[in-house]
Amino acid sequence: MKKEINGKTKIIGIMGKNVENSLSPFMHNRMLSKYSLNFCYLPFKIREADLERAIQGIRTLNIKGVNITFPYKERVVEFLDQVEETARRVGAVNTIVHHKGILTGYNTDLIGFKKSLQKNGKFTIKGEKAVILGAGGAARAVIYSLLEEGIKEVYIFNRTIEKAEKIKQDFYSFFPQSDIQIFNLKKEELKDKIQQSHLLVNTTPLGMSPQMDITPLPEEGLFYPDLLVYDLIYHPSKTLFLKQAEKAGAKIINGLPMLIYQGLESFYLWTGIKLEGKEEVEMIERITKDCQEAEKKGEKR
Ligand code: NAP
């Protein structure tokens, strides 16, 4: 159905450094059409130096809300009027709601990651161990949800040790029983820690389109058959990291289920429409199929 833009159309969208390959405009505009809502979801490519002005622009231009993506989820917190309790604890915001001049930050990545694991990984987190690659905004949501679900040990491997240390420090007050260990991304402990873990999550952008020939783990022989390997990247749908894991017999999940589940939650925050049960399942199947078909055709989304 062709969307008619008029004087009452409400604007929502996504702000990030590289939004050209984001599936969020594709997904949200499909959901808005399905419910015949007079909204339009747009991509906003924002330079780092303009982030604060862009966030103020939400109020100025009466934009109803935005998603925040790579690499601004942590920095954006300081520019908001208020931050919902869980997002404040996580220290990262991926959804902003604008209501009567007040900008409120939320983190729907948390529920997106949790649901995607429950529905696709068939994985019990309680008492398990996980290796997390990266320590940015998305890693914060991933680690926080694993701790909430009772994971036993989390091994963070990151290029900048201080960022991983800060996560450990921040989360310790909420999860005093947590065992978070920090390593440099290049350290030889990686192999050992992956062998001890049931879950390996890539939260770095390494391997994301257009740089599809790189991987956060260039070394051979790190994956094993019972490991669940999760890449938050969804474009391409199978990164080099996931291809190598699959070749070694590991079970793999890409970032599309998380994107959809976090998107459904953001959609609810902006429109008040919550997809549940059969409706949620149908929407997920439809978006997944549309995205896969679009990728096969090489369509620009
Ligand atoms: P971010 O806050 O900028 O964090 C990026 C992390 O990756 C940092 O830890 C950074 O390390 C590391 N990194 C970046 N470039 C690197 C390099 N060349 N070598 C080694 N490490 C590098 O970004 P984010 O918001 O967490 O997003 C990260 C990725 O997750 C993006 O690809 C994003 O699209 C994806 N994501 C997907 C979903 C989904 O729904 N599927 C949701 C959220 C995020 P330093 O700390 O050393 O800088």
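Cβ coordinates come from backbone N, Cα and C, glycine included.
Just so you know, TrEMBL annotations never went through curation; they're auto-generated.
What TrEMBL annotates here:
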DOMAIN    14-96  domain 'Shikimate dehydrogenase substrate binding N-terminal'
BINDING   Ser22, Leu23, Ser24, Thr69, Asn94, Asp109, Tyr234, Gln262  shikimate binding site
ACT_SITE  Lys73  active site, proton acceptor
BINDING   Glu85, Gly134, Ala135, Gly136, Gly137, Ala138, Asn158, Arg159, Thr160, Ile161, Glu162, Lys163, Leu232, Gly255  NADP(+) binding site
DOMAIN    124-202  domain 'Quinate/shikimate 5-dehydrogenase/glutamyl-tRNA reductase'
DOMAIN    255-274  domain 'SDH C-terminal'
(message) Please report the distance from the Cα of Ser24 (shikimate binding site) to the Cα of Glu85 (NADP(+) binding site), rounded to the nearest angstrom.
(response) 25
(request) For ligand 1, pick out the binding-site residues Ser22, Leu23, Glu85, Thr160, Glu162, Tyr234 that have a CB under 6 angstroms away from one of its atoms. (result) Thr160, Tyr234
(request) Sort Glu162 (NADP(+) binding site) into helix, strand or coil using the DSSP assignment. (result) helix
(message) Need one number: mean pLDDT over the domain 'SDH C-terminal' (255-274).
(response) 96
(message) DSSP on the domain 'SDH C-terminal' (255-274): how many residues come out helix, how many strand, how many coil?
(response) 16 helix, 0 strand, 4 coil
(request) Would you mind sorting out which of Ser22, Glu85, Glu162, Leu232, Tyr234 (the binding-site residues) have a C-alpha within 10 A of the one on the residue listed as 'active site, proton acceptor'? (result) none
(message) For each of Glu85, Asp109, Glu162, count the other CB atoms within 10 A of its CB; which of these binding-site residues has the top count?
(response) Asp109
(message) Quick check: with Ser22, Leu23, Ser24, Thr69, Asn94, Asp109, Tyr234, Gln262 left out, which same-chain residues have Cβ atoms within 8 Å of the centroid of the shikimate site Cβ atoms?
(response) Ile14, Asn67, Gly255, Met258, Leu259, Gly263
(request) Give me the non-local Cβ neighbours of Leu232 (NADP(+) binding site): same chain, 6+ apart in sequence, Cβ-Cβ under 8 Å, ordered along the sequence. (result) Ala138, Val142, Val201, Asn202, Thr203, Gly255, Met258
(request) Please list, for the domain 'Shikimate dehydrogenase substrate binding N-terminal' (14-96), how many residues fall into helix, strand and coil according to DSSP. (result) 35 helix, 18 strand, 30 coil
(request) Would you kindly give the Cα-Cα distance separating Gly137 (NADP(+) binding site) and Ser22 (shikimate binding site), rounded to the nearest Å? (result) 17
(request) Give the residue from the binding-site residues Ser24, Thr69, Asn94, Asn158, Gln262 that has the most other Cβ atoms within 10 Å of its Cβ, counting over every protein chain displayed. (result) Asn94
(request) Express in Å, rounded to the nearest integer, the largest CA to CA distance found among the shikimate-binding residues Ser22, Leu23, Ser24, Thr69, Asn94, Asp109, Tyr234, Gln262 named in the record. (result) 17
